[in-house]
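*Asks:* Reproduced below are the annotations present in TrEMBL:
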type     : residues  : note
TRANSMEM : A:28-47   : transmembrane segment
DOMAIN   : A:33-253  : domain 'Ion transport'
TRANSMEM : A:53-73   : transmembrane segment
TRANSMEM : A:94-112  : transmembrane segment
TRANSMEM : A:154-177 : transmembrane segment
TRANSMEM : A:189-207 : transmembrane segment
TRANSMEM : A:219-247 : transmembrane segment
DOMAIN   : A:375-623 : domain 'Ion transport'
TRANSMEM : A:404-420 : transmembrane segment
TRANSMEM : A:432-454 : transmembrane segment
TRANSMEM : A:493-515 : transmembrane segment
TRANSMEM : A:594-621 : transmembrane segment
2 protein chains.
Amino acid sequence: LQPVTYNRNIYFDTSPQAVSLYLLYNHWLPRVLVYFFILVDMSLAVFEEPAVLPLPTWATMLVELLCLLVFTVRLVHYAKVIPRDKFWKDPKNICIICIVLTLIDMIIYGALTATNCYALRWSRVLRPLLLVNVTEGRQLRRAFRSIRNALPEIFYVFLLFMFSVLIFSLMALKLLGKRGLKTMDGSPYFTNYLEIVFDLYVLVTTANSPDVMMPAYNASFIFTLFFILYIFINTYIFMSAFLAVVFNNYKKYLKEEVRQLVRAKRHKMVRAFAVLQERREEGGELVVTQANWNQLVRLVQPDISNAHRELLWSVCDDKNQGFIGKLAFVQLADLLNIEVITLKSRPHPLQSICPTLYLSAPSRLLCRLVQHRGFTIMYDVIILANAVFIGLDEENPMISNSEWVFLFLYLLEILLKLYVFEPRSFFSKHSFWNWFDTIIVVSALIATIINSALKSVGGYTSRQILDIVFILRVLRLIRVVDSIGRFRTIINTLIRIGPAILTFGQLILVVYYIFAMVGMELFKEKVKFYDEDSNDPAKAYCGNPLLKGTTFAQLNYCKNNFNNVMSSFILLVELTVVNQCNGFATVTHVSARIFFVLFHILVVIVIINIFVSFVLEAFYVEYSVDKGDLQTSLERKIEELELAVAQWYRTVDAFLQRMFEADLDPEDLAENDDAEAQTNFANPSFSSV
Amino acid sequence: LQPVTYNRNIYFDTSPQAVSLYLLYNHWLPRVLVYFFILVDMSLAVFEEPAVLPLPTWATMLVELLCLLVFTVRLVHYAKVIPRDKFWKDPKNICIICIVLTLIDMIIYGALTATNCYALRWSRVLRPLLLVNVTEGRQLRRAFRSIRNALPEIFYVFLLFMFSVLIFSLMALKLLGKRGLKTMDGSPYFTNYLEIVFDLYVLVTTANSPDVMMPAYNASFIFTLFFILYIFINTYIFMSAFLAVVFNNYKKYLKEEVRQLVRAKRHKMVRAFAVLQERREEGGELVVTQANWNQLVRLVQPDISNAHRELLWSVCDDKNQGFIGKLAFVQLADLLNIEVITLKSRPHPLQSICPTLYLSAPSRLLCRLVQHRGFTIMYDVIILANAVFIGLDEENPMISNSEWVFLFLYLLEILLKLYVFEPRSFFSKHSFWNWFDTIIVVSALIATIINSALKSVGGYTSRQILDIVFILRVLRLIRVVDSIGRFRTIINTLIRIGPAILTFGQLILVVYYIFAMVGMELFKEKVKFYDEDSNDPAKAYCGNPLLKGTTFAQLNYCKNNFNNVMSSFILLVELTVVNQCNGFATVTHVSARIFFVLFHILVVIVIINIFVSFVLEAFYVEYSVDKGDLQTSLERKIEELELAVAQWYRTVDAFLQRMFEADLDPEDLAENDDAEAQTNFANPSFSSV
């Protein structure tokens with residue numbers, strides 16, 4: 001029996017057959033397979049027209065069919081696991097629609113291509129929805145839910161913002177349109193209302209600042225007042241308002257999810273208690289015995305040690321009665337979340353092998369030296385010296401040979417530390433920097449040796465290996481931040497954000513994928529890139545005469561195009577940073593700007609703001625945990641009181657919990673299990689009580 | 001006796017002479033005078049070299065001397081008001097140093113100019129410090145204090161951020177420097193370490209995206225990975241981290257200031273109680289009688305009505321004993337903050353004058369019609385129609401005549417409303433939109449009449465008056481947002497932010513002024529602007545051969561210069577939005593970039609983030625107050641409990657308060673009085689208890 005850590009909240013039958021189906025469903029192999037096929041399905045974009053690596057259409061369609069088959073099998077399995085009526089209500093089954101639509105599209109496309117008609121694979125935008133909607137994409141669905149929740153509020157601010165842009169545009173038209181001003185390229189300035197609206201919208205993204213204002217400024221400095229007011233209201237106030245709305249919603253729904261999660265957990269623990277309960281004596285209360293409890297814990301977390309289990313039991317059964325009541329039993333889930341660090345002062349293996357040598361005076365001195373602060377400082381100085389050497393020209397043989405010295409010094413450091421500290425604790429799960437150091441130094445050693453070998457044998461250096469060597473060398477320098485305490489808080493926060501960033505990565509991937517697919521259909525081959533040494537005259541205007549003389553061509557942006565999925569993704573990243581799209585409106589039609597405005601709204605206004613909210617909240621938590629040494633004693637006293645209040649609040653919550661348990665619908669609580677990881681992170685005090 | 005509402009926290013003698021000096025110090029006339037002379041002093045930059053309107057040096061220096069004299073008198077007065085030892089410890093007296101330094105600078109400058117030597121008025125950067133440090137600039141000082149408090153934390157994140165930029169630059173140097181790539185203008189790409197650091201720093205501001213990456217991208221798409229990683233870590237993560245740090249500090253110090261403020265208030269109320277207290281009976285507790293209390297309230301707030309005062313007393317003396325104890329007395333300050341809205345249903349004046357007509361059936365029907373929802377909707381439709389007409393070409397006589405129709409309709413609306421609603425409540429303090437409407441419509445009427453008069457008399461239209469008419473017309477459209485409830489919350493938040501934005505405005509003004517002064521010394525006349533119709537060949541390169549062929553000249557940025565204080569301010573606004581400064585480094589020296597980087601750090605990373613924090617907090621408060629109708633009943637119940645907890649917390653705070661009152665130093669509490677306005681805003685529940 002593997003520990004069941006996934007899909008704890010899906011609703012399944014408790015008959016033995018259904019349970020075994022459920023366990024198979026949660027087995028790691030089918031889950032990994034589904035992920036693999038989603039990846040394959042999405043990466044088909046690399047091989048389909050317009051392709052990075054072209055493959056015949058029949059091949060990609062065959063692979064896609066295979067993927068669809070796998071998804072269908074997975075869905076059928078899921079349908080068998082959960083009750084029929086629940087299955088049809090599940091919003092996750094958007095997948096079914098996606099699969100059917102994709103099939104229809106493939107048939108149409110196949111038929112049209114066979115008859116040599118123009119055909120469009122429109123169903124490709126549906127592919128990322130599979131990533132969202134397979135049951136494994138729980139975190140991603142939560143992110144989407146959080147966007148959906150924030151949307152109404154964002155929408156109202158957005159309406160007001162657009163109203164403001166429209167009013168300002170009308171004012172600009174009236175104030176500037178009749179003055180006969182000209183833009184840089186000689187076209188009339190601010191005479192078309194829709195053009196003004198678009199220009200002012202882009203000004204909010206700061207992409208065309210100060211260009212859009214220069215003609216008016218050149219005419220009179222009074223007009224800058226208009227632009228300054230506009231930038232102040234729309235760029236600063238409204239963009240902050242978007243962030244504020246997203247941030248508030250984020251916090252509100254985070255709280256709500258945590259609350260639901262806690263409720264769902266208790267509800268399940270009460271159900272588990274009902275299964276395990278027995279009556280010790282006639283008329284006495286219902287209890288769970290230690291034997292049953294032990295069996296349960298062994299089943300749920302087989303990797304827990306006996307001593308640890310005994311400890312947990314003694315916490316639950318504080319009166320040492322041999323059984324526990326409902327209230328103590330419900331704690332179990334929280335107890336299992338507490339990380340018990342077993343601090344065994346294991347002797348160093350060398351001490352057991354050769355005690356006399358290891359405990360001799362010189363050896364002890366060495367240990368003391370390595371543990372001394374001076375040792376760390378010395379190595380920080382070495383790292384700084386190394387930074388200087390990296391910056392110097394590596395063609396100089398002295399410099400390139402110094403690399404060996406540094407490698408030797410770093411290796412020596414690791415070996416010395418391994419001599420002094422117990423290896424298993426040195427390479428423990430929490431020693432991020434030890435792992436980092438060792439991996440970087442060993443890889444650098446290997447890469448440098450390969451590089452030297454290549455050089456001495458063939459007399460040439462592989463550019464790729466040299467690049468890797470350089471990157472590894474530079475990465476080594478990062479280690480220096482660990483020595484400074486103030487940096488560690490920040491770094492720890494950033495490392496903790498890591499897992500959540502992966503979710504954002506997926507979210508961005510989904511949105512980029514959809515926009516890339518649409519963008520490729522709209523703009524493929526409109527802008528062409530010519531090699532550096534190409535002599536084609538079309539190179540000067542990116543292969544499209546419409547671009548002649550535009551800033552797009554002048555700035556040599558030809559490679560920013562939608563000609564394949566790779567370029568599209570890179571272009572979308574650029575658009576996220578600065579929304580410059582005039583080139584594409586020039587080569588197609590003015591209405592192409594809608595595509596870019598939509599992208600800006602969705603990615604910059606919504607997703608990036610959610611990301612920023614997330615970072616804000618993470619830092620808030622980290623700082624409120626770590627500020628211990630900064631606060632005065634008065635503040636600390638107040639905080640203790642606040643903690644007491646929080647405890648009281650929790651009691652109240654428990655009371656409410658019991659009050660409202662009656663009208664609790666387990667269906668509402670589905671999909672919330674993974675939130676736990678999030679919760680423990682967002683509110684550390686929660687798991688450490 | 002005027003109500004003493006300012007400088008309540010300065011420490012002054014209680015002797016009659018000192019009190020009268022203190023009252024004179026707080027009289028509105030000297031305070032307004034000081035502000036006026038600060039304005040004069042700062043606006044001298046307009047007349048001094050490099051001047052917008054040149055004045056002879058002796059004239060500006062004479063005015064400056066006069067200003068300095070006024071400030072000195074004010075300082076001497078202040079020194080007389082507060083005890084001598086307090087005066088010398090006061091950090092506000094940076095003013096003295098500023099004045100002395102300015103005098104020294106003026107003497108040196110005068111002497112040097114007299115002997116025709118090169119002279120620099122370096123003390124001009126000190127002028128805004130006067131704005132910060134005259135005793136009236138309390139809000140501004142608070143803003144600076146909040147920056148000072150946030151600086152250490154920001155500094156550590158900044159160090160880490162710079163470390164990251166340096167590491168990435170080193171990597172870029174190693175990866176890209178040796179590949180022989182060329183930038184757009186043919187210069188070698190990424191070969192100089194300092195250049196790379198600067199380019200990558202600018203990339204964080206997104207000003208040179210995607211230009212900085214194009215040469216590498218053109219060589220191979222693999223390098224974009226480097227830039228994407230860089231943008232992700234530095235632009236998104238670190239910039240969010242800056243915001244997070246500023247936001248956390250802002251909240252922390254806001255709380256701290258509120259706490260200190262509450263403590264100071266109680267401390268003073270206790271002192272006032274000690275003055276007014278008397279013992280009613282032998283051995284009984286010390287109390288304040290109603291007569292004394294009334295006298296005090298009349299003195300402090302003379303504009304309060306008798307009925308209102310009676311109400312307050314009955315709240316304090318809930319047992320109706322005729323006297324109150326210490327605890328009830330201390331409440332007074334909070335009680336006076338409660339806004340008691342006296343809702344008198346006054347009859348309409350017309351009803352009193354001519355009741356038969358006003359209460360006749362047609363008049364009542366009219367009232368009902370105007371109060372009907374349809375009336376509002378009708379006028380919303382009229383406004384929208386007006387918007388369309390404004391958008392059309394006003395040369396068309398039908399369109400321009402339609403303006404009179406709209407004006408008539410708007411005027412009719414106001415008159416009808418005045419007929420239906422009581423005029424004094426229609427124009428009450430809180431009816432923002434009524435005021436807005438009336439002012440806009442009446443001014444539009446006046447401006448349109450003047451415009452028509454000019455047209456019919458001289459046959460010409462004044463461009464200025466036409467501009468004003470247009471602006472007023474467009475502003476009228478804003479009214480439509482008031483009809484939509486969801487917008488009102490957002491608009492209310494924005495209006496409430498108003499006063500605080502003025503503080504930020506001053507803050508920005510101070511920083512801009514300093515940078516403008518330095519910038520003018522460094523860059524004046526390096527870039528010249530030529531008129532549109534000038535035929536000077538130097539126009540193509542902004543009068544500086546060094547700019548030949550640069551993007552700065554190509555994009556016609558010549559007017560973005562530091563040639564006078566006006567251009568400098570506009571340029572600094574542009575730099576706040578997008579930090580593009582390569583032109584100025586070209587015309588002077590590479591090290592000029594330091595100026596722009598400093599500006600970016602101070603304005604964008606610090607001040608703009610404080611502004612965003614402020615908006616975030618304001619929206620948080622507004623949403624948590626207004627969300628009443630959105631939450632479920634369960635949430636509301638939980639909130640009620642939270643309120644109870646908060647109340648309990650306040651009791652605890654009061655207890656702590658008494659505990660720590662002994663070691664409270666009144667000096668620590670100076671300068672906190674105006675925080676009250678802020679507090680009431682930031683935490684509305686505070687004043688409405």
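Every residue, even glycine, has its Cβ placed from backbone N, Cα and C.
Caution: TrEMBL annotation is automatic and unverified by curators.
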*Asks:* Sequence-remote contacts (6 or more beyond its ends) of the transmembrane segment (A:493-515), Cβ cut-off under 8 Å?
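*Replies:* Those are 42, 45, 125, 127-129, 131-132, 137, 139-140, 142-144, 432, 568-569, 572-573, 595, 599, 602-603, 607, 610-611, 614-615, 618-619, 622, 677-678, 681, in sequence order.
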*Asks:* Sequence-remote contacts (6 or more beyond its ends) of the transmembrane segment (A:94-112), Cβ cut-off under 8 Å?
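*Replies:* Apart from its flanks, the transmembrane segment (A:94-112) reaches 61, 64-65, 68, 71-72, 75, 118-123, 126-127, 129-130, 133-134.
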*Asks:* With Cβ-Cβ distances below 8 Å as the criterion, list the same-chain residues six or more beyond the ends of the transmembrane segment (A:432-454) that contact it, or say none.
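*Replies:* Residues 403-404, 407, 410-411, 413-414, 417, 426, 460-462, 465-466, 468-469, 472-473, 475-476, 478-479, 482, 495.
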*Asks:* With a Cβ cut-off under 8 Å, give me the same-chain residues at least six positions beyond the ends of the transmembrane segment (A:154-177) that come close to it.
*Replies:* 189-191, 193, 196-197, 200-201, 204, 216, 223, 226, 230, 233-234, 238, 241-242, 245-246, 601, 605-606
*Asks:* If you average the pLDDT over the domain 'Ion transport' (A:375-623), what number do you get?
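*Replies:* Residues in the domain 'Ion transport' (A:375-623) carry a mean pLDDT of 84 in this prediction.
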